[in-house]
Amino acid sequence: MVIQKESSMKSLPSPSLSSPSKTLTMSSSLISLGSSCTSLATAEEAIRIADPIITKWDMDSSSYTKLISLFHHSRREAADFLKSVHELRGAMHFLVSNHQRSRDQLVLAQNLMQVAMKRLEKELYDILSSSRDKLDHESLSEGSFSSRSTSSKFGGLEKIDKEEELKEEDDGADDSEDGLGKARESIAETEQASVLAMSDLKSIADCMISAGYGKECVKIYKIIRKSIVDEGIYRLGIKGPKLLQIQKMSLDLQDCAIKTWLSATKVVVRTLFRGERILCDHVFSSSSTIRESCFTEITKDGAISLFKFPELVARPKGPSGRIYQLIELYEALSELWPVIDYTFDFKSTATVKLQVLSSLVRLGNTVQTILSDYEASIQKDSSRNPAPGGGIHPLTESVMSFICSLTPYSGTLSDILADHPHPDGNLQLPESYFGSPSSEDYPTSPVSIRIAWLILVLLCKLDVKAELYKDVALSYLFLANNLHFIVKKVSTTNLKYLLGDEWIARNERIVRQYASSYEAMAWTRVLSCLPEVITIDDSVTSPSLSVEEAKACFQKFNSAFEDAHRRQGSWVVPDGKLRDEIKVSIARKLVGNYRVIWEEYMGSMRELVRFRPDDLENYLSDLFHEAAISGNSSGSSSSTSYPQPRGCLSRSIKVY
């Protein structure tokens, strides 16, 4: 049995730790042991020297050393202990390989080795257990030690970390000197303690592995470090729910779980997992196989459970508002992917990265499905209640609110849509909507095209909604109001950067076209009651009318204007700027012509003249205010009273 144990021993590698001189005591001692026993005499001498040093720290002895830590008691004695174990291993190797008939010496050496390994197991356990604060993952992942003692591949992560860190300012300016001095001392002490603990662990691991006791070393290390990692994940609120549990959760509970995951995952990946990888790489630098095995067993289960959560919550069913959280989950995983890829680069941890990719695919598919379902809900909207007075339809408000809420996620959403295209393939927007695909203003990012498409679907639905109005003029006013609302939302939010100035300009022209169509349909009959005025050398004059013609003109105008005003009394233009533009345009065409006729025939037709030009302006100014809505949205007349001839007062307007 002794021979079998010794045959498995490996030559001791040279440690590569680069740290302060105080921490090099044991490593330097081991580095200096390049010689091995070359004769029976040197082997026996090595056993004789090692005997008292190892026996002193026998766990089964009654000595006080049974109760104290070798590494905490005296680092010099710890270095001598490790040196003795190394010499003992060389002596045993010589006795076995040269078939020396010194059975008693070999048995003694084996017994001493078992005593030494038992002590080192205890030291390993004690250091791992008592140094939790010194080996916390934050110190390991961000401290100066990690940059010196880990493989060069982790150096590339420093830039990633710096881009994500929040810089804080020191408020204690008054006592900055004392505060900074104490802070430096505290940081130095913490880093020194961390370096010493890691150095001791590495020395013990190197010694046990080279002596053929790697299995015992790894078992203790895995148990303690896995419990620390699992506890860290649990303390951050990650409990690894199952699919059935998530399906039974209310939406509010799911929202809370997602927020917890988002806040905890960055810490788990960048600090906990990465710190554990740094520690594993350092402690077991002498064996890549053991290093991989330890890290995998310690972190794999927790990592898979952590990264599976997004896949479990990525269900397309539910309100469309869940898309924002799903995009945040996708964004978090995407940002952490470089660190995950570096940290879990072992073959045995490939399933961890596969789980991350699986969650990203599921999140992307679900986001695409939600957008497609939302698009379908717009097309299927069957509400037949027209917006009161031709105002903003609730569908317009809800769709634009949804689209505007997507803009903060435009970068991530663009990545998702690039990898998960529309179910119907590439979306082809009409040239009249965005211009030619070859033009500079045509959107190229997937998110720009998708948002433009959603707005186009909304506009098509609004065309259908406009047909619900009995009055064609009101239909055009409805279209002008809603398109103006959309254009204003785009131009006053980050949507303008996604859709571009050309899109805004094109649709502003369409708003003006809708407004012009409304004016033509609503006021042509009124304007037709007035004869065309004559313009000569920039001078406007009234055409010559007979008494009967002038009388008929005023009678028709009074009736037509009252009818148009009454019919439009409940119509609205919610936007103040658009409302003023429409009223100014109407007044410019109507009041100007009326003023010319009124000035010419007011004296002879006093009994027929109901409105002064200023009266018309006053009545027009009352139009399109939302407060004027009387509940009739289809365009029927309101109950406004109009001035009568011969002294009747209305709205404080004098009657002529």
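Here the Cβ of each residue, glycine as well, is placed from N, Cα and C on the backbone.
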Annotated range (TrEMBL: region 'Disordered') out of 371-396, 631-656: 631-656
Of the residue ranges 131-157, 158-184, the one that TrEMBL records as region 'Disordered': 158-184
Of the residue ranges 1-22, 419-440, the one that TrEMBL records as region 'Disordered': 1-22
